[in-house]
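Comments concern the structure below.
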Amino acid sequence: MATLLSHPQQRPPFLRQAIKIRRRRVRDLQDPPPQMAPEIQPPSHHFSPEQRALLYEDALYTVLHRLGHPEPNHVTEASELLRYLQEAFHVEPEEHQQTLQRVRELEKPIFCLKATVKQAKGILGKDVSGFSDPYCLLGIEQGVGVPGGSPGSRHRQKAVVRHTIPEEETHRTQVITQTLNPVWDETFILEFEDITNASFHLDMWDLDTVESVRQKLGELTDLHGLRRIFKEARKDKGQDDFLGNVVLRLQDLRCREDQWYPLEPRTETYPDRGQCHLQFQLIHKRRATSASRSQPSYTVHLHLLQQLVSHEVTQHEAGSTSWDGSLSPQAATVLFLHATQKDLSDFHQSMAQWLAYSRLYQSLEFPSSCLLHPITSIEYQWIQGRLKAEQQEELAASFSSLLTYGLSLIRRFRSVFPLSVSDSPARLQSLLRVLVQMCKMKAFGELCPNTAPLPQLVTEALQTGTTEWFHLKQQHHQPMVQGIPEAGKALLGLVQDVIGDLHQCQRTWDKIFHNTLKIHLFSMAFRELQWLVAKRVQDHTTVVGDVVSPEMGESLFQLYISLKELCQLRMSSSERDGVLALDNFHRWFQPAIPSWLQKTYNEALARVQRAVQMDELVPLGELTKHSTSAVDLSTCFAQISHTARQLDWPDPEEAFMITVKFVEDTCRLALVYCSLIKARARELSSGQKDQGQAANMLCVVVNDMEQLRLVIGKLPAQLAWEALEQRVGAVLEQGQLQNTLHAQLQSALAGLGHEIRTGVRTLAEQLEVGIAKHIQKLVGVRESVLPEDAILPLMKFLEVELCYMNTNLVQENFSSLLTLLWTHTLTVLVEAAASQRSSSLASNRLKIALQNLEICFHAEGCGLPPKALHTATFQALQRDLELQAASSRELIRKYFCSRIQQQAETTSEELGAVTVKASYRASEQKLRVELLSASSLLPLDSNGSSDPFVQLTLEPRHEFPELAARETQKHKKDLHPLFDETFEFLVPAEPCRKAGACLLLTVLDYDTLGADDLEGEAFLPLREVPGLSGSEEPGEVPQTRLPLTYPAPNGDPILQLLEGRKGDREAQVFVRLRRHRAKQASQHALRPAP
C-alpha cells in the first residue's frame, strides 16, 4: 500500500505524519545521526490539461461508437457511462457538452468484425474414406437481415456465401485434409457499415478432388462408402460437398464472443452436422480522435486505465473506505470497450494494467495485492522479443521504480505499517509477496539483469531503516531542559522503545520476513540496536561518574533493569553465542549499587513505620489472626526480594555481598518492626481500662511477630541461596556462605523467637495467677465436697481462657502458651502436693485435678502432644500424688511391692542368702514353707561368728492379722546353718494373690544380753508360690534361693508419708518397726543392696 498522497507539495509525506519529529539541536550526542535516506518521489499520475483533453475525447468516442450487446455485469446505458467519464476526468458540464458535441461530429471509425475460426468437431464425412477435407468460406452480408430474430430461432439458410457475398469480400480458410475435427485457428478482419442490418455468414465445405474409380475403390471401407461412390458418380466432377453453415446477426453479438455454434443444414438431410468454434471481436479501424491518430493504442489505453483507477481510489478515500482493487461497473465497461475496440491483446492489457497500477501504487493508497494479477498475467504470456524496445524500457523502468519504492517502504516499515492499524502485517506481507513475485518473473530477469538479489536489498533496507528509526526515537526523547537527570530519563525512554520494537519484531515482523524472504529481522534488529544502545548508555554512565545521588540512582536502576530485559532477548536471536556490545554492561553501573541498596532499605523502613502507625492491632478476620501491618511488612519484604531478583548481579562475588546486604537489611527491619509494634501496642492500650482489650492487642502483636518469623524463614528461597551458593562456589571459601547468610538469618530468627516468647510469657503470666488461685481453692474445699465437683471451677476457668487464647492466637503461639501454662501448672501442683503430703483427701483431689488437666491441655490432639505433657516433672508428680492419695494400708502394700521388686533385682549375696521351698494347698488352705538353710551370713559376734535364726511373717500384717510370726531354731556359731524346718500357715488363697503379699524372712543373730542383730531380710512373693497361681495341687516344689537385703538407710518415701500420718496408729507401728530395722542395718559397715 502506498503512503505518498496525490500531491506531495500539498500534503506531507506519510512518514512525517506517523512520527512527529521535534526540531531542536542535539547537544548531548557525541556522534550526529546519519543523514536520512531521501524519500522516493514517485512519478505523478496526473496528466497535463492537454493530455487529459485528448484522453477524454478518446474515451467519449469509445462510448459513442459502442458496438455489440453489453456484457452481463457491464453498464448498458451510454448516458450513464458519459456521466461517469465526466466525473472521472473532473470536467465541468459546459466543457463536457462542448467536447461531447465535437466528438459526435468526428468521422465514424471503420467498424470491423474480427472473426477467428478456431476449430470444428463432429462434422460429416463426405469422402469414401469416411472423412472430409473441410474448409470454410466466410464474410459479412450487408443490407439483408437474418429472419427469426435471435440466433436460436433462425431458419435454415439455403443460400451460401459464394452466392450472397461478392467474391472480393469473401474469405477462405485453409483445407484440412482427411478429418472430422479440423483445427484452423485463423483470424479474419471483416468490415461492415451498419451493424443493424449486417450478418455474418460461414459455410463449411468438403473439398472434392478428381480421383479415379480405382483410387476410390482402394479407399472403400464399408457399404456406406460404396453408396458415396454411386452418389458422386451422378454429381458433376470437381463439385465440393456442403458440410453446414453458421449465420449470425452482428447486432446480436457482444463485443467479444467465444462460443461453439452448430453447423446448420440447407435441408432436413443430416440435421446433426457438428459444431464450429468461433471467436468474434467488434473492433474499430481508423478512429478519428487525436489520441488514436498520434499515439499507439496501447499507450492511450494505459493512460485511460491510469485515469480511471485514480478516480476509483479517490472516490473511496472521499468515502473514508479503502479501495479493494475492484473497478466499478462503469469503469470496467469503459475499459473493456476501449481495449476491445482498440484490438489490444491480453498481454498488452496486462502490461498496461501493471504499468498503471505500479505507478498509482506509489502515490495512492490501495492494496498491493492488486499488482499480483498483472504480474501473473505478464509472466504467463511472456515471450522474449514480443515487446518493442521502448516498451521494454518502460517495463524495466516500472520494475526498477516499484522495487525502489517498495524498499523505501520496507526501510520505514515501522511507521508505514504501524501495529496500531490491524491490517498492517497483512499489508506488509502483501507488499513483500509482490516484490518476490516481480523479481522471480522471467521479464524482470531479462530486463533488469544487474539487480542484486531481493533478500540482500531488503536486508540492507532493514538495516538502514533500523538505524534511522533509532535516531528518530533519540531525537523524539530529547528533553526540553538539558541536564544529567533529564538525559537519564530520555535514555531510559529510548531503551524502553527499543525493547518494545524488538518485541514487535519478534512477535510479528520476524515471521513475515522469514516466511517470505528467509530474513531474520529480529536478529538483525537486535544486533544493530544493542550496539547503538550500548554506546549511549556507556557515555551516560561515564558522565554520571562514581558519586550517585538517590534520584540518579533510581534512574540508573530503571535503566539497568531495562538493559537486562534487552539482553534477555538475546536468547531469541541468532546472536546468542556471539560477542555483543552489551556484554558485561553491569560494570557500568557498579558505582550505583550502594545507592540502590540504601534506597531500598530507606523505602522499606518508611513503609514499615507507616504500616505500624496506621495499625489498630485488630485481626484481619476470623481465619487471619494478624493485623494489617504484618501484611504490609510481608509485602515490603516481598518487594525487597523482588528488587534482589531484578538486580540479579552477574558477578558472583559481588552478588554474594549484595545478598548479604539484603539479608542484613531485612533482618534489621524485622527487629525494628518488633520494637515499633510493641510501642504501638503500649500506645493504644495506655488509655484502656479493659484488660481484655489489652490482652487482645498483645495476642495480635504476638501473631504479627509469628507471621514475620514465617516471612523471614522464606528468605533463602526468595533470594535463591542455593543458586547463589552454586555460583560463588569457586570464589568463596567453603562454608563462608553458611557462616554469613545463615548466621544472619538464625540471629534474626532467634531475636524474633525471643520477642515472641516474651509476649507469650506475658500472656501466660496473666493466666498463671488464676490457675494458682483455683488450685489453692481446690485444696481448701470442704471434705464433704466430691473431688469431681471440687475441680469444676478450675476446669471452667481454663476452658474459657484457653478458648479465648486459641481464638486470638495463631497455632504456633497458642502451642507455646500451652507449654508455658502446663509447666507453670505442674509447678503449682507440685507445691500444693508437697504441702498436702499428710492429707490423702487433698492429695486425691490434686491427683484427679492432674488427670483432668492432662486431658484439658491435650484437647483431643488439638493441644499439646503427649510427649510435651509427660515431662519428668509430670511423671514425678503423678507418682507422688498416687502415693499421697493412697490409704495407709495401700501404702504399706506398696512398700512391700517395692521391697519385692528390690528383692527380684538383687543378685549379690554379700549379706548372705536363705533357701526355702514354699507351696500352697488350696484344698487345705495351707501355705507350707520349708526353710532349708542359710549361707554366707555375716559374722556379727565378737568371736567372728553368729548365732543365726530366722523369723517368718506373712506381710502386710493387715491382710494376715490372725497369723503370728514363726521362728526357727537358733544355731550357735554357724554362718551356714542348715535349718531344715517346716512351717504351715492356715490362710485363704485370696489375700495371698494380692500384690504386695509376701513371706518376710528376717535372719537375726541371737544375742543373749542385748537385742538381736539383723543379718538381713528376704521377701518371697506369695502370688508366685506353686499352688496359688492355678487350681492344681503343686507337685515337686522347687527350692528358692533369696539373697538377703537391707532396708534403705536414707528412708523410704512411703515410710515418710506414713510417718506423717500421726493419727494413724497402724501406720505409726509399721513405721517404727521399719525404722528399727533400718537402724539395725545402718549399724553394720557393709553397703546395703541397691
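Glycine is treated like the rest: Cβ placed from N, Cα and C.
Small disclaimer: the values here were computed from a predicted structure and weren't measured.
Going by Swiss-Prot, these are the annotated features:
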type	residues	note
DOMAIN	92-239	domain 'C2 1'
MOD_RES	S150	phosphoserine
REGION	240-543	region 'Interaction with RAB27A'
DOMAIN	557-677	domain 'MHD1'
DOMAIN	788-895	domain 'MHD2'
DOMAIN	910-1035	domain 'C2 2'
BINDING	L940, D941, D1005, D1007, D1013	Ca(2+) 3 binding site
REGION	1026-1048	region 'Disordered'
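Structural mapping of features recorded in Swiss-Prot.
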residue: L940; record: Ca(2+) 3 binding site; Cβ contacts under 8 Å, 6 or more apart: S946, D1005, D1013, E1015, H1084
residue: D941; record: Ca(2+) 3 binding site; Cβ contacts under 8 Å, 6 or more apart: D947, K973, D1005
residue: D1007; record: Ca(2+) 3 binding site; Cβ contacts under 8 Å, 6 or more apart: D947, D1013
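Apart from L940, D941, D1005, D1007, D1013, the residues listed for Ca(2+) 3, the same chain places the Cβ atoms of S946, D947, L1004, Y1006, D1012, E1015 within 8 Å of the centroid of those Cβ atoms.
Residue counts for the domain 'C2 2' (910-1035) under DSSP (helix as H, G, I; strand as E, B; rest coil) come to 7 helix, 55 strand, 64 coil.
Secondary structure of the domain 'MHD2' (788-895) per DSSP, as helix, strand and coil residue counts: 92 helix, 0 strand, 16 coil.
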